[in-house]
Structure formats: structure tokens, C-alpha cells
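Features reported for this protein in TrEMBL:
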type	residues	note
DOMAIN	69-509	domain 'Amidase'
ACT_SITE	K131	active site, charge relay system
ACT_SITE	S206	active site, charge relay system
ACT_SITE	S230	active site, acyl-ester intermediate
Amino acid sequence: MALSRVERLQVWLFKALTGLLFALFRFFSPRGSAALSGKRLPPVGHPLLLESATQLARKIRRKEVSSVEVVQAYIDRIQEVNPFLNAVIKDRFAAALQEAAQVDKLIEEETGGEDVLEDRLPFLGVPLSVKESFSLQGMPFATGLVSRRGVVATVDAPPVALLKRAGAIPMGVTNTSELCMWMESHNHLHGVTNNPYDLERIPGGSSGGEGSILGAAGAVIGVGSDIGGSIRMPCFFNGIFGHKTTPGVVSHDNQHPQCSGRQEEYVSTGPMCRYAEDLLPMLRIMAGPKASMLSLDAEVDLKKLRFFTIPHDGGSPFTSPVSRELIDVQRKVAERLEADLGVEVREVRLPELRYGFPIWDTYITLRDNDGKPPRPFAELMGDSGPPAWPLWELLKWLVGRSEHTMAAIGLALMERTHHSKPAPFIIQQKEKLQREVEELLGTDGVFLYPSHPRVAPRHHHPLFRPFDFVYTGIISILGLPVTQCPLGLGEEGLPLGVQVVAGRLQDHLSLAVALYLEKTFGGWREPGGKP
């Protein structure tokens, strides 16, 4: 069905506004740092940096290596690469080394044997990075908002607390986009984070600091949150694994900003890591008592799954066309699945996907069951003070006086275009898409879907293509679990990847496919390494 005249006008207005904002940004903003132009990250030097968290924990338990050695190796790597990346915005290295020494002492004194430690403390002594929007006791908790400078977390967010209880050692907190609502990790409190594969490109957002430091081998496991792609885009752009959990399984408490309206139905917290074998044990820990909702202990026979591939969204006027190299690599995945497993990967088209952005934009602003709307973004920008005035902030930005990024100002401006009532047509398209996807997947199906229309864009270029995130965003609105999987490096030496989507509460299926894809396509590649 073609867009109505009103919808075409809305598309034109959105594109005109974003084009104007991007032009203003290019004209008035300072140019990027020439000092980083053309530079590359130092190669990984320490072999411990090339082990999964699961392998490191096993070696620590067996006293083949000490936790202090592992933590020190990651401290050295962070200090080596962070000047290039600006990913870790506050470290806790001294405390981490003390905790690592306590781990080594605990292992020396343990009389129950390795199995007892593995069962009780599966990630004992392993370094962990944490997205700064998660509360980590004693660390900054500003989420890139200048007015929250000086806010320090007093407790741990539940997933962080559970990972610490499992023995993981936090190394520090990583950068985000302003208030976690943009696909580039840039704010006026901590600055811009860079992509380890090309310092002039974005690492994604809002978990971009996590993606960047993980992709650079400055971390082995981390935590992220995702309501529109904030785990999956950084994982895609930085060539690592990530999992957006079925909503409602992993706690979202003690994160900033908190959800409002019906956003709890779409937001997910999940693991990010370089090695696929770490995804499932991390998720089991992070889910806590709700892990029983997922069949994480079930064995998955990939040959018995039903596979589908969706190459693009059908040509939405809001999004860029999917690049040829991403279409090709997704086709190669389908071909390998068929050749290796003897399955049929059926290509399907879902016409409602072309309405992905209006669907996401409508549902993210729905009122809750009590009729209360989500907290306006302008209010979040004002934090505990009065709401931000986006037009005034835009004028201030033009003369370099605003505390907010152009992306945040643009979002607050676009928020004012929302209708008071959702369009019935968009509600119908979402409900139809939901039924089609649930029937397609059942409890034994997965489908492949592009993570983004193109590889990691250059800094600030998403301002001109702000709706491309909907390739991940629409999956959030459908409430489905999805694992982001790297597929090697492309023509420009940038990571390629694909989303593997499963049915609700069938997280174990996409996690099993991730293990297969890692073995088949090589998983994470060191920045600067071979494609």
C-alpha cells in the first residue's frame, strides 16, 4: 500500500528538517581532530586479550594465570587504546587490582575444588566493562548530560550486581549518547567516542563506548541496554556479539533514564562480548531468577530449526537502501546454512516493514495502562530543572553555548510533531506485522535481517539519515530476542554483520546460531587485521 498524501508530506518534512539540522551542524560545528586522522590502533600484544571470558575464568580457577595478571593486561590495553577511542570515561583500575588480588587469595584458600568455584562464581576474576547509564557504585552516572555532572551512583544496577556476584571485576564505565537516545556516542560532557576500525567513524549508540572498547580488545565482556538498537548497532559497527534479550527478563532498574509510558515493553538489557560462547552464561547470570523463563539449558539442533531471510525492509521512504556488501554477506550466510546443515533458508518479504519508523515512533510514545504518556525528551534534557526549550537550545548551539548535542536538540524538536493520538493505519500495520512474524517463527524458527543499511558511518553523518536505526528498532517494538553476529570485515576494513531474530522467549535459538556463525565466519577480527 502506498503512503497517503499526509504521510508523504510528513516524510518530506522529516527529511527537510534533518537535512537542515545536518547542514547547520556541518557549517557551525568544529572539525574533527586532525591528530587522529589516518591513525590506527596499536595491535593486540598480550595473548590473554585474545581469550574469551569463559576461558579466562577457567584458567584463573585452575591457577594457570592469576586474576591480577588478567586485570593488569586489560588495564594496559585500555591505557594504550583509550586515547584514540575515548570509550572509557572513568576507570577504577586501583580498586580492580585490589579485587583481583582478593580473587587470587580466595582461589588459593578454596578447598572445594574447581567445580565448586565454577558453579558459584562462573566469571571469577574476569574484567567487565559497564555502560555509564547503568548504576555502578562509586562511578559517574550522568548518561552524557552536562547538568548531571558530578552525579555518582550509590548502588549497582541489578545486572551489574549479579555479574559482580558471579566474580566479574568492573574496570570502569563507558561513554553513551546524550540520554541514550541516539545512534552515535557523543555528548558535551565526555565528548565523542571513536570506532576502533576507523577513528573517523562512529561506534554506534547508545552503548557505543562499550562497543568501542570491546572491539578494540580493551574489554572482553560488557553490558548494554537496547530500545531501538543500542546494543545491536554498536555490536555491528564494532564487530562483536551482542544479545537483545526478550523484554521483561533482565531487570532495567537503576539505569538512567528510566522508562515511562509503555517503553518497558520494548527495552532490553543484555550482554555484549567478543566471543559468542560468553553470551549464554552472561545472560543466565544477568537474568537472575527470571532465567527460568528462557530455555537456556536446552540443547539446540540447528538442523531442526526453520530458517528465513529478509533482505531489506521493502523500500521504506524513511531509510537508506541496504548496501550491496551487506545484502551479499547475508546471502552468504543463507548459503552456508543450507550447505552445512542441509536446511532450507526461505526468503520472505513482510510489506509492513516499510512502515518500521512510523511504527517505532508511534509505539515508543504510547501511554501506559493508566493513561500516562512517556516523559517528554525535553524534560529529560532538563533533568531535575525546567524542561529544555529546543528552539532556544538550537539558537544557543549555533553560537556554541548549548550544553546539548545537535542530535538531542533535533529529537526534542521532532517530538513536537507527534500527534496526540496514534494513527489507526500504523497501529493496524504493526498488529499485522506482529501476527505475521509470530506465525513465521513459532518456537523453532529464526530469521536473518540486516543490522543497518550500511557499515559504520562517518562521525555525525547519521544526522542526515536519522531513521536508519529502524532496522534494529522495529525488532524492539515486536518484543523479540535477537543476537547480533559479526561476519568478518568488508571492502573498507569495517565490520559486517547480521541480526538473528527468534520468537519471544526463544533466546536460546539465536544464541545457538551465533555460535555456528562464529565458527563459520570467524567472529571478532582484530582492528587492522585480515578481512
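Glycine is treated like the rest: Cβ placed from N, Cα and C.
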Integer Cα-Cα distance in angstrom, S206 (active site, charge relay system) to the residue listed as 'active site, acyl-ester intermediate': 5
S230 (active site, acyl-ester intermediate) CB neighbourhood, other CB atoms within 10 A: 35
Cβ packing number for S206 (active site, charge relay system), 10 Å threshold: 34
K131 (active site, charge relay system) versus the residue listed as 'active site, acyl-ester intermediate' - Cα distance in angstrom: 11
Taken over the domain 'Amidase' (69-509), the model's mean pLDDT: 97
Listed in sequence order, residues with CB under 8 A of K131 (active site, charge relay system) and six or more positions away: V173, T174, T176, S206, S207, G209, E210, G222, V223, G224, S225
